[in-house]
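Trainee: Okay, so TrEMBL annotates it like this:
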- C:6-25: transmembrane segment (TRANSMEM)
- C:32-51: transmembrane segment (TRANSMEM)
- C:57-77: transmembrane segment (TRANSMEM)
- C:84-108: transmembrane segment (TRANSMEM)
- C:114-132: transmembrane segment (TRANSMEM)
- C:159-177: transmembrane segment (TRANSMEM)
- C:208-233: transmembrane segment (TRANSMEM)
- C:245-267: transmembrane segment (TRANSMEM)
- C:287-310: transmembrane segment (TRANSMEM)
Amino acid sequence: MDVAMNLLVNGLATGILIFLLASGLTLIFGLMSVLNFAHGGLFAWGAFAGVWLFGLTDSFLLAIVGAVVIGMLLGFVLERVLIRPVYGDHIQQLLVTLGGMLVISELLKVFWSPNPIRAVLPDYLQGSIELGDIILITYRLFVIAVGIVVYVGLHLLLTKTRLGLIVRAGVIDKEMVQALGINIKQVFTFVFLLGAGMAALGGSLLAPYSGVIFAEMGMQYAILAFIVVIVGGMGSVQGSMIAALLVGVLGSFMAYFVPELSLAVNMLLMLAVLLIKPSGLFGAKG
Amino acid sequence: MMLQLDHIETYLDQFHILQGVSLSVQAGSITVLFGRNGAGKTTTLRSIMGLAPIRHGQIRYLGEEIGHLPTYSIARKGIGYVPENQGIFHDFTVEETFRLAMQKNDDEQKEKLAWMLDLFPDLGHYWKKKSGHLSGGQKQMLAIARAYVNSNGLLLIDEPSKGLAPIMVEKLMFHIESMKQKTTVLLVEQNFMMASMIGEQYYLMDEGKIVRGGAMQELKDDADTRQKYLGIA
Amino acid sequence: MTTSGLLNHRFIVFVFLALAVLPFLSDSRSMYIMFTQIFIFAIFAMSFDLLLGYTGIVSFGHCMFFGIGAYSVSLFLKNFGATISYFLLGVLVAIVLSGILSYVIGMLSLRLKSHFYAMLTLAISQLLFVLAEKWRSLTMGGDGFTFPVPELFRDRLSFYYVCLILMVMLFVILRAFTHSPLGKVLKAIGQNEQRAEALGYQILHYKVIVSIVAGVVAAISGGLYAVMLRFVNTQVFSIETTLDALLMSMIGGLGTLFGSILGSGIVELAHHGLTELAKLHPIFERWVIFLGLLYILVVLCFPSGIVGSFQEWREKRKQRSLQAATITEQVE
């Protein structure tokens with residue numbers, strides 16, 4: 001029971017981190033039809049910037065906020081320099097964003113280190129909480145709580161604000177949104193920044209969770225996020241959340257019981273969805 | 001003239017779709033654009049909206065050249081657009097649809113909305129319902145009302161009769177006709193019977209060109225031309 | 001445009017001949033190794049060009065075939081003995097495995113949209129990477145293993161010629177392939193998939209064929225790569241390996257095959273040159289950044305690469321002189 005509960009919490013926390021990466025990916029894809037292969041790079045940047053800023057300021061909160069800001073700045077540059085010029089050309093977009101991934105991953109090694117870096121937690125988030133006879137690690141609960149706050153915030157943004165309405169409408173039919181007098185390109189930039197910010201947030205939260213960060217982790221998590229986006233359905237934030245939790249929990253249990261198969265199971269999940277329902281379980285569009 | 005197209009040419013990829021289309025729409029009238037499938041009717045409307053950008057020619061709306069503006073600017077000039085597939089946001093409630101469409105949300109738009117709800121009471125009944133769950137006719141009404149509240153005088157409507165039962169089409173045409181008191185309409189139709197009842201002017205397209213145009217009565221009297229270009233006597 | 005653009009045969013033959021006499025001009029071992037590597041990656045990049053350049057298929061997991069080739073050859077040579085026949089057997093097994101894998105992946109997923117295919121291939125290659133890391137009893141994971149190579153390949157000079165000949169042979173074969181009626185269909189698919197489909201071609205069928213060919217050729221290059229290093233580790237399955245093919249074919253010029261050879265040369269020489277510069281400033285240790293930026297520049301500004309841009313330039317010049325000629329004629 002204790003093990004199962006711990007694995008569940010562990011999986012949910014991992015799922016939340018993947019969600020932070022996948023939700024931006026899915027929104028950007030849904031709205032702009034751009035599959036951003038550099039998204040994992042923003043995640044890794046969030047991790048490195050967070051660790052660096054935490055060392056500098058000794059404030060975990062400042063570190064996270066700073067990492068998000070840095071991620072958004074980088075996202076802004078990516079959107080303007082790489083994505084705008086090839087808007088509408090799918091193959092070029094895929095090629096150029098993968099190039100972007102390459103460059104920003106290498107830049108991490110230039111700014112920080114080509115070797116893995118240790119990441120630590122602030123004192124107040126260390127330790128564990130006892131619930132009856134179950135011991136839960138505090139930081140994992142913290143990550144889950146942050147994830148829930150972000151999800152609720154995102155949900156409110158999308159359903160309650162005019163901007164959210166435009167984003168949702170844009171996912172369904174971009175042309176019609178423009179035919180209603182709305183300049184959707186401005187909204188693209190906003191969504192890209194939002195996605196970049198969430199990816200960086202995910203990275204900065206992951207760093208002390210895994211204890212060690214390295215430049216290649218961006219791609220590793222991006223692949224999980226791709227699986228989530230496909231399973232959840234392109235363009236669906238809700239689908240991403242459910243799929244991310246599924247992938248996280250599945251991965252956590254598999255890693256405990258049959259470690260050899262943990263990535264394979266998620267891959268099989270993705271393959272099954274792609275073959276049976278390519279639009280995903282909650283797909284807003286195919 | 002409210003709207004004037006002057007020798008517009010539009011390409012989709014390498015295909016030369018519109019080959020010098022000229023037409024004009026008078027304020028306060030209903031003008032119908034007829035033609036077979038693939039004649040270029042939809043592309044004409046899309047070119048006016050900037051969705052299929054023109055390569056040559058001019059488009060003037062209320063005397064102003066709009067041919068090279070982005071779609072959203074054209075829409076802001078006051079042209080409302082109802083696409084062939086209706087462009088309904090299925091996920092949205094009726095209320096959300098209007099919230100999105102009413103950019104300014106000023107008294108004028110509210111008045112327009114009130115009139116639309118008057119004309120199409122169903123939309124008011126299903127105010128909180130997802131628009132994806134509406135019937136085909138209700139979706140078409142929603143699309144027309146949405147275009148209207150966001151416009152200031154001209155509506156482009158692409159084949160509203162498509163996929164609707166004849167009784168529904170008749171009702172819809174009647175509604176469009178009654179909107180004429182406040183707005184001008186450029187209507188694309190295949191359904192000659194219905195559209196000829198409400199249209200005053202017509203244009204006939206074939207293979208990317210306008211082949212005929214004039215008062216609707218002329219086309220009603222000219223069975224040969226109808227046979228030749230529309231396949232109906 | 002019969003000679004695949006205006007890049008004429010003579011120039012290509014000249015390059016190949018120059019490479020053949022190069023060892024007579026210099027006997028530096030490190031230079032042999034560098035050029036051998038250029039030939040091997042040129043083969044790999046050409047196989048990628050078949051996918052992206054000719055057919056418009058975006059695979060971000062092309063390293064999987066390279067890796068299969070590398071491991072298959074390495075394992076045969078290590079476990080059975082360093083002879084040419086075991087090398088050939090290893091290559092054969094790699095070809096069969098790659099053929100099957102690309103067939104299965106192709107049948108399952110080439111009908112999907114390009115972004116799905118890109119993601120899927122990336123994920124599958126990552127899966128193989130993890131598999132190679134975990135299956136330590138066979139692969140020794142990230143540490144890798146060394147192995148003896150056949151006598152003929154031990155001499156750097158003879159291996160240089162083996163790789164050069166293979167590269168030229170594969171270039172000629174693939175060129176014939178792309179100029180065959182089947183290759184023309186591939187090009188039609190690459191230019192406009194819907195139209196090719198409307199013309200009645202079974203798109204999926206052709207795409208699967210080309211991905212099998214590309215997979216098999218990539219496996220051969222992987223096998224040669226392992227022999228060159230006399231060592232293999234999981235790096236062959238990494239995204240960097242795919243990126244190499246992408247950079248080389250893209251920078252050289254997609255859809256030309258020869259561009260891949262040129263691109264391979266440029267990337268390897270740049271790697272060499274920039275690593276040298278690391279003595280001046282440590283940023284040059286991260287030479288990949290410069291290649292990445294160059295690649296982005298190519299994608300954004302010169303999507304047809306060096307060879308393609310050169311051809312376009314020649315084409316324009318020719319047209320201009322033609323125009324000038326007609327104008328003069330008219331004037332006269």
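Glycine too: its Cβ is placed from the backbone N, Cα and C atoms.
TrEMBL does not curate its annotations; it predicts them automatically.
Not measured: the values here are computed from a predicted model.
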Trainee: Might you confirm whether the transmembrane segment (C:159-177) is in contact with the transmembrane segment (C:6-25), defined here as three or more C-beta pairs under 8 A between residues 6 or more apart in sequence?
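Mentor: Yes, these stretches are in contact.
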Trainee: Give the one range among C:32-51, C:57-77, C:84-108, C:114-132 whose Cβ atoms make the most pairs under 8 Å with those of the transmembrane segment (C:245-267).
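Mentor: It is C:32-51, which has the most Cβ pairs under 8 Å.
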Trainee: Is the transmembrane segment (C:84-108) packed against any residues at least 6 beyond its ends, judged by a Cβ distance under 8 Å, and which are they?
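Mentor: Tertiary neighbours of the transmembrane segment (C:84-108) are 64-65, 68-69, 72-77, 120-121, 124, 149-150, 152-153, 204, 207-208, 211-212, 214-216, 218-220, 222-223, 227.
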Trainee: Look over the recorded stretches C:32-51, C:57-77, C:114-132, C:208-233 and say which has the most C-beta pairs under 8 A to the transmembrane segment (C:159-177).
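Mentor: Most Cβ pairs under 8 Å with the transmembrane segment (C:159-177) come from C:32-51.
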Trainee: Can you tell me which parts of the same chain pack against the transmembrane segment (C:32-51), counting only residues 6+ beyond its ends and a CB-CB cutoff under 8 A?
Mentor: 19, 22-23, 57-59, 62, 65-66, 156-157, 159-160, 163-164, 166-167, 170-171, 174, 177-178, 186, 210-211, 213-218, 220-222, 224-225, 228, 244-246, 248-249, 252, 254-257, 259-261, 263-265, 267-269, 272
